[in-house]
Amino acid sequence: HLLQFRKMIKKMTGKEPIVSYAFYGCYCGKGGRGKPKDATDRCCFVHDCCYEKVTGCDPKWSYYTYSLENGDIVCEGDPYCTKVKCECDKKAAICFRDNLKTYKNRYMTFPDIFCTDPTEGC
């Protein structure tokens, strides 16, 4: 669920997700096209691809269960859809954390009209 994803991002990065990631680069937030602008934008590209692979459920609005153990996100539960969605969100949140050093403020509210490179496939 998007609210759970927001909490994961906040825990992993310390950043406010809506301000920092909702409009970042060419892939963070709604939609996505062109070539990812940097490693953080690539996290969003990979997250979009991960969601595309989850079939038979709506990854953005279904709730899942997770916990934090020693700073690590642990996805819990049995239903396939919820577990896989949690794993997609977990990987993206960790990716954001791992790329904090290369986060660029200039991509924070990047207009998608500048995302003109050919779109990569998953």
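Each residue, glycine too, has its Cβ placed from N, Cα and C.
Bond annotation: of C88, C95, C115, only C95 is listed by Swiss-Prot as forming a disulfide with C43.
In Swiss-Prot, the Ca(2+) site is described by Y27, G29, G31, and among D48, D58 the residue recorded at this site is D48. Disulfide pairing as given by Swiss-Prot: among C86, C88, C75 connects to C86. For C57, the disulfide partner named by Swiss-Prot from the candidate list C44, C49, C50, C81 is C81. C122 (disulfide bond) sits 12 Å from C43 (disulfide bond), taking the CA atoms of both as reference points. By neighbour count, meaning other C-beta atoms within 10 Å, the densest spot among the binding-site residues G29, G31 is G29.
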